Every structure is written in structure tokens, then in C-alpha cells.
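Copied over from TrEMBL, here are the features:
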DOMAIN    691-749  domain 'CBS'
REGION    1-34  region 'Disordered'
TRANSMEM  115-136  transmembrane segment
TRANSMEM  164-185  transmembrane segment
TRANSMEM  288-306  transmembrane segment
TRANSMEM  336-360  transmembrane segment
TRANSMEM  372-395  transmembrane segment
TRANSMEM  459-483  transmembrane segment
TRANSMEM  529-551  transmembrane segment
Amino acid sequence: MANITKKVSWSSRGDESGGGERTPLLNGSEELSGDGGMFHIGRLSTVDLEEDMTSDEVTFRSPRLYEQYRWCKSVCVCVCVFQSLDYDNSENQLFLEEERRMSFLGFKCLEISRWVICGLIGFLTGLIACCIDIAVENLAGVKYYVVKQNIEKFTEVGGLSISLILWAVLNSAFVMLGAVIVAFFEPGAAGSGIPQIKCYLNGVKIPRVVRLKTLVVKVCGVICSVAGGLAVGKEGPMIHSGAVVAAGVSQGRSTSLKKDFKVGGYCGVLFSLEEGASFWNQMLTWRIFFASMISTFTLNFFLSIYNNKPGDLSSPGLINFGRFESDSVAYNLYEIPLFIVMGAAGGLLGALFNILNYWLTIFRIRYVHRPCLQVMEAMLVAAVTATVSFAMIYFSNDCQPLGPDQSEDYPLQLFCADGEYNSMATAFFNTPERSVRSLFHNPPGRLFYNPLTLSLFTLTYFFLACWTYGLTVSAGVFIPSLLIGAHRTLARLVSIMFVCRSLSQVWAVPGKYAFNGSCRGIVRMTLSLTVIMVEATGNVTYGLPIMLVLLTAKIVGDYFVEGLYDIHIKLQSVPFLHLEAPATSHWLTAREVMGAPVTCFNRIEKVGTIVDVLSNTSTNHNLGKICGLILRSQLIVLLKHKVRELARSRLTQRKLQLKDFRDAYPRFPPIQSIHVSQDERECMMDLTEFMNPTPYTVPQETSLPRVFKLFRALGLRHLVVVDSENRVVGLVTRKDLARYHLGKHGLEEMQLAQT
């Protein structure tokens, strides 16, 4: 281990309860590393860094690390405990008996039920998306209409400050409602939800992320956020809503099936493959495709009824940027370098956005952690957004003629002449999706926006979007990132066009460059974003330019900082396993990363011993040859159902079935709620038929990358490490792997000190 940089090394005080070894995790909590092995009964507990660790107990290599530790103390005190999900089936005797009892017809019915569940997930997801879209369009339309009428009224008689106050009050009212329900009722509904769902599909259990309450708050919150005029989008919360629907519909199924269903509700096939699932197979592809098809059909069906065109299923969907004319989609070979330069600029802009948002999020963690403060900050951002928008409209002199083909919903004249409208007002008096659409279809030879208008809008919207993402509201960042990129690219292009117009020629089509320039390097999606942009415009001609821009933006952006979703996952201190292990970690072995010693039981164990170990009042490290693995949750179910044998007689309780364990999932009772009398403590419990007799094991000389691949591909929660004689020597968990990463000084490790 000499070649690993020890980032921080500390030792916490001894466990007063006499528990086993505890190892500080990356998120500030602890894991009882001796809680698994032959029968894994792992338990995580919250640790208050202010109480359990003092500066006297910590040793540092430099003052800079001490400052990092001081920051960790102020940030990580309230971090939640993250446990790993177990996607691997426990092939114990109960599982095998149930499988043997199932007939061929039963297997077919089970397979059909899975397809029905996928179809139901798609139907409900499409219905929720339709409701969100209709609610946002109507509420935002009413707000913009009221503000527009008020501005036109006071433009003539004076007193536009009243219009400013009205706009700020309406924005703050919508956002306050959305922030209150998130901050006080369900904090898990904050943000876009994509980082949390990514972690869940990666194998980390995020508390309260797939609850029905979270779904209700998410839907209501995103409607209020977008209608409140914040620089946000509704696409991310829709994805989170689909995952919650999938989790609810599949309730009661096995954990592995629930994972597949959540992927089905995540979004399309490519988006799920790129951003979500850590395991993939052909059947999962077909099921997600089927769910996406049903979702699209449901959305178009209800939108056709809403638009008074029943049966018209030709709607392009929620993300619709309009079709390009056939003569405006052509591009030449000399434009390829321009697209690459646009991608590099987008990567730099995205990296700057992510860095600023990173430090802003740290500030929020330190100082804006109370619900009342979070609501006040959201209202402040809403009021500032309205004030900045009004000021830019008021001081803008960019007036454009109002033609007969004008498609703007709320053209505002303000100080412009008759027959003209304020171009800056058009940019702000629209939802982000409509603003992007107007930029993409700015016809050649006609300027909807001058360079100054676009530059000012880009600058203000960039900082507003950066400030907004991370608020305690339900909101996404996908459409705002497109809008920032489209405005910035179009501003530069229009400047060039001004020069070329003196030559009486149109050098380029503005919409084409706005379309390709909208692909920024904030979230770092490549495959899925390419398909989304092609589908949203109904044109595959720009496939190559979009891919060039996206790949360049990702390469440039990754050089400076990670993507926005990955940054927020890291800030939440989630033990997230990336695609591959660190490149220079092949010399590390399972023996060096495992937790030891492990807790083991005999096949037939005394009930009192099991209760004491589960209660952390005793340890049991009698290691021997491995014969199986059992989960803590399984032991709790056995104790709850009083599955035991009397010491002097062979009387047994009723035989448990696999259904009893499914019924207890996912809310297993705590061990403190299970009463065990003194006589029952002397009884014996036979664990043979409940344990998994074939757990995954690796030799202690297995390299870290091999262990990493097993964990990520199979969705494991724990991996038993054995010696050459098949004796248990340790246990590898997700936290043991997540603490290694490739940093500026090579392979770096968060040291897990012994107490």
C-alpha cells in the first residue's frame, strides 16, 4: 500500500457498546466491518463527526488536509446512511422449492405479467408527463398574459414599477409553493432526481427516492418551478417520476426485477443505457423499448384530446424544436472544423458552469441547510429572475417587425413603434422550450435578435441557471443548458452575418448553428442527447455535426471537471461505482481492500447469539470454511416469525416460504422491535435452508479491477474473500471499492483506520 496517497487518516473513539470494528466511510458514516462473512448481517450507522471525532484524534500530513477535514466536519454531520442494494437472488432452499413447484404455464404467466407491468409503467409515465406539460403551459400562459397586459397598461400611463412588483410576486408565489412542499414535506424530491436514480440503479439505496410521496411532490414541485419562471426544465423530474412509477408498480417483486422495471421507467433505451443501468441484457432492451412505445402513444393520445384533435397521434412529443426546412439543413466540409470549435467552446462553458455550481452547492451545504432558509433562497432567486428579466426588457432597444407569420405567443410592444415588438421580451416571455424553438428557426436574412440582445441574455441566463440548479425545488437543467448554448452560438453567428450582409450574401443559416451549438458540456450526455436532438427536430442530417460537438464538448469538459450529475453524486458522498476501476490499481488485491475480521455463525446457532450480534452487543469471529451466506434482513424475518427449535425437544414452528420474506420487503423491522424472551434465547435456529449456499467468492489474491467488475456487472452487495483452503478471511463491500480513485497524485485512498 505504499504507492497510495493517504488523503485523510483518522481513528474514532472506541465503541461504547462493545461492537465490532468500525471504519469511517467516504460519506462520514461508519460500517461495522465485522458484520458479514459466512452469514452477512451488515449494518450501517450514522456518525456525528462533531461528537465522535475531534482534532486531537486525527493525524494529517499537511495543514491543507486539516483544512479539508475542518470543512468535512461542517458539511458531513447530517449525511444520510447509504446502503447497498442486493440485486443477486439468494438461491437458498426456499427459492429452489418455489421454482420446482412452478409449472411451465406458471413461468409463461410470470413472463407475460412482466410485459404487462412494463406496459403499465409506460402508460402511467406518459400520463404523468402529459399532465405536467399541460399544467405548465396553462399556468405559465396565464402568468405571462397577466404580466403582459399589466405592462401594456402602465406603459401608457406610467408606473411600470407596479408591473415589476406583480411579476416578482407571481414568480415568488409559484416558487414558494414548490419550495415549501419540497423542503417541509419531501426533501428527496429536490433537484432533477437523475443523480439519485443513477445511484439507485448503480446499486446504492438512496432513502425515500422512490416513494409515492416523492412522486406527488415531484410533479407538483416541477409545475410550480417552471411556471414560476425559474431557469429550469421539466425533463429531469419527468425521468425521476417514471422511475418512481416503475418502483411502485413493481412493488413486491424481487430486487433484481425492481431494478429492471426502474430502468424501464427511467426514459428511452439509450438514455437508460448511458446514464442508468450498470447491467444490461437483450430482454431488458426490448422491455424498455416497449415501455417507451406505450408511453409515447399515451402521451400523444391525451395530447390529441387536449388539442381538440382526437385520434391524431402525430405529435412529436414533449421535446419539440420544430422541423428544419429542406434547404436549411445542408452543411459543407469546411464547416466541420467550426462544429469542433463550437464543441470545444461548449466544453469550456460547461466546465465553468459545473465549477461555479459546485462551490455554490458547498455554500448551501454549509449555511443554507434549514428548510425555512431554503424556501427563502428559492423565493429570492425567483424575485431576482423576474427583476433581471424586467430590467433587460426595459433597457433593450431591440425592436423587430411583427410580421404576419409571427409565431410568438406574447409579443410585447413596450417602447417600440407600432407594428414592432421587443425582442428581449420575447426571449423572457416564454417557457425555455419555446425559446429554444424560436432560436432554432430564425430564418436566414431576417434577424429576430441582434448580437447585443443575445449576448446579454446568454450572460444573465447562464448565471441564473447556475444559481437555480441545486435549489430546494423540483427542477431539471437539460433545456436551460440547450438554451444557453443556442443563444451563445447564435450571438457569435449573427455578428459574422452583419459583416457578410454588406456583401449582399447570406453566409450561414443561424438556426443551424444555434441547433448544433446548443449541445453544451454540462451534463456530458452523448448517445442519448444525439438521438434526442434528432428526434426533437425530425431530421437526421445533423447527426454527424451533433456527435462531433458533443464528443468534443465532453472531452474538453472532462479535462477540467466531471459532469454536473457526477459532481452532485460526489457531493452527496454516495459510494458510486463508475464504469471501471482506477487505471493503476491492478497491483491491489482483495486482501488489501477487504474488511476483516468478519462475523460468522454456525449452521445451527443459538437465538441469543444471533440477537446479540444483530444488536451489536457481541461479536462472533469464529472463522472457518464457508458454507453459505445470509442477510441481516433474513435473520430479522426469522426472528420475527419465531423460527426456532427448542433446546430439549424437536418441536418446530410452521415452515416459512419465500413469500414471507417478500412481504417484509423493503421495510424490515429493527432488531429492537423484536421481543425475545430469556427462554427463547436458549433455543436453536437452523439456518441451513435460508442461507445462500453458493455465494460469490474470490481468492484473496484477486486484483481490484476484477473485484470491481464483479460488483458492478452483477450488482453485488458483498463479496466473500477466501484463502487457498476456502476459509473466510474477509469481506469486500461497495465502500471498500469506492474509496479508491485516480487523483492528481496517482491512486488515492480514503484511509479506513482501525479503532
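Quick reminder: no glycine exception, Cβ is built from N, Cα and C everywhere.
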Model confidence for the domain 'CBS' (691-749), as mean pLDDT, reads 86
Which one, 115-136, 164-185, 288-306, 372-395, 529-551, has the most C-beta pairs under 8 Å toward the transmembrane segment (336-360)? 529-551
Stretch with greatest number of CB pairs under 8 Å, the transmembrane segment (288-306) reference, 115-136, 372-395, 529-551 candidates: 115-136
Across the domain 'CBS' (691-749), DSSP yields 16 helix, 25 strand, 18 coil
